[in-house]
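Participant: Look at TrEMBL and you will find ASP51, ASP84, TYR87, HIS253 tagged as Fe cation 1 binding site. Taken from TrEMBL, the feature Fe cation 2 binding site covers ASP84, ASN122, HIS216, HIS251. What TrEMBL records for 45-254 is domain 'Calcineurin-like phosphoesterase'. Summarising the annotation, TrEMBL assigns transmembrane segment to 6-27.
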Amino acid sequence: MDGSCNHYSISLSSVWLTCFCFCFIFVSAELHRFEHPVKADGSLSFFVIGDWGRKGAYNQSQVALQMGKVGEKLSIDFVVSTGDNFYEKGLASPYDPVFKDSFTKIYTANSLKKQWYSVLGNHDYRGDVQAQLSPILRRIDSRWLCLRSFIVKTEIVEFFFIDTTPFVDQYFQNPKHQKFDWRGVIPRKKYLRRVLKDLRSALRESVANWKIVIGHHPIRSIGHHGETKELIMQLLPILEANNVDMYINGHDHCLEHLSSITSQLQFFTSGGGSKAWKGDFHYLDGDEMKFYYDGQGFMSVELTATDAKIVFHDVFGKVLHSLDLSKQPYTAM
Ligand SMILES: *[C@@H]1O[C@H](CO)[C@@H](O)[C@H](O)[C@H]1NC(C)=O
């Protein structure tokens, strides 16, 4: 913002009016934006994993091995991490060896040597929260990219990454019980208002055929933590009003798919990156419940402008659940 739009001395010819409008659109989009190219045939494929960084333990290495194999087959373009990247307390600093031990030395397959787009989970907020956001990490391993809330735009799909941890009231109610690093979040109300406002305007402006929103906490889930009431109240209405296709999260250490009865929105949990919670779920009967698996694994997504294929894989590379979605190409009004 260099103030070039505030040239009041020049009369408002139509040229300047155009400039005003463009500048306004530009300035109104506050979230960091990244562009990611699609494949030569116009398609895209990527993985989603969550809740993983445990120096290889609890099958983290087995999940990584399968990701490497499936990643080769699908020739994935990037990996999305839904947060809780490093247990138990995020990173202590950008030079914390845990980063290499739980990330660089684990996801070693060639097919995984792609960009990783990550959000923060509640466990990441228990360390030095700014460490994971630091450009120092990108110099240690160039695949790493973690921001609080941001956008990744491609020709066929736009991803909206949302920092969900600050939405959860419980984390602010017992500060002695669990320490969170709230630098950059406090004052909380202002922070949340800003996140929602930026997301709303970015979704409204989006002309992408597919819209996918990613956060750490589930909106809907039958797992251990279950639904996040703050997100049902504050985030869900925005997603439904703007025809978002998928909401993908971690936090519950399982793989899961629910559909919505009120909109096209599909809910996916990919939180099986390492320690899983066997048998820990609330039974839900009905049309919305499509799939639940309480072991480790990951999710793959293959997209074209009109079709999506979503698959959940276990630690042996077995396909646990798969789903095809399709839609008409987006046409601007
Ligand atoms: C690793 O995965 C296998 C297969 O799902 C499972 O039987 C085993 O309990 C897992 N190990 C741990 C430590 O979770």
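One-based numbering along the chain as shown.
Glycine is treated like the rest: Cβ placed from N, Cα and C.
Note that this is a predicted model, so its numbers are computed, not measured.
Context for these features, please: burial, neighbours, distances.
Facilitator: The Cβ neighbour count for TYR87 (Fe cation 1 binding site), using a 10 Å radius over every protein chain in view, is 24.
For HIS216 (Fe cation 2 binding site), the same-chain residues that are 6 or more apart in sequence and have a Cβ closer than 8 Å to its Cβ are GLY50, THR82, GLY83, ASP84, VAL119, LEU120, GLY121, ASN122, ASP163, THR164, THR165, ASN249, GLY250, HIS251. According to its DSSP assignment, HIS216 (Fe cation 2 binding site) is coil.
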Participant: Can you check what DSSP calls HIS253 (Fe cation 1 binding site), collapsed to helix, strand or coil?
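Facilitator: For HIS253 (Fe cation 1 binding site) - judged by DSSP and reduced to three states - the answer is coil.
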Participant: Taking DSSP three-state, what's ASP51 (Fe cation 1 binding site) in: helix, strand or coil?
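Facilitator: ASP51 (Fe cation 1 binding site) sits in coil per DSSP, no helix or strand.
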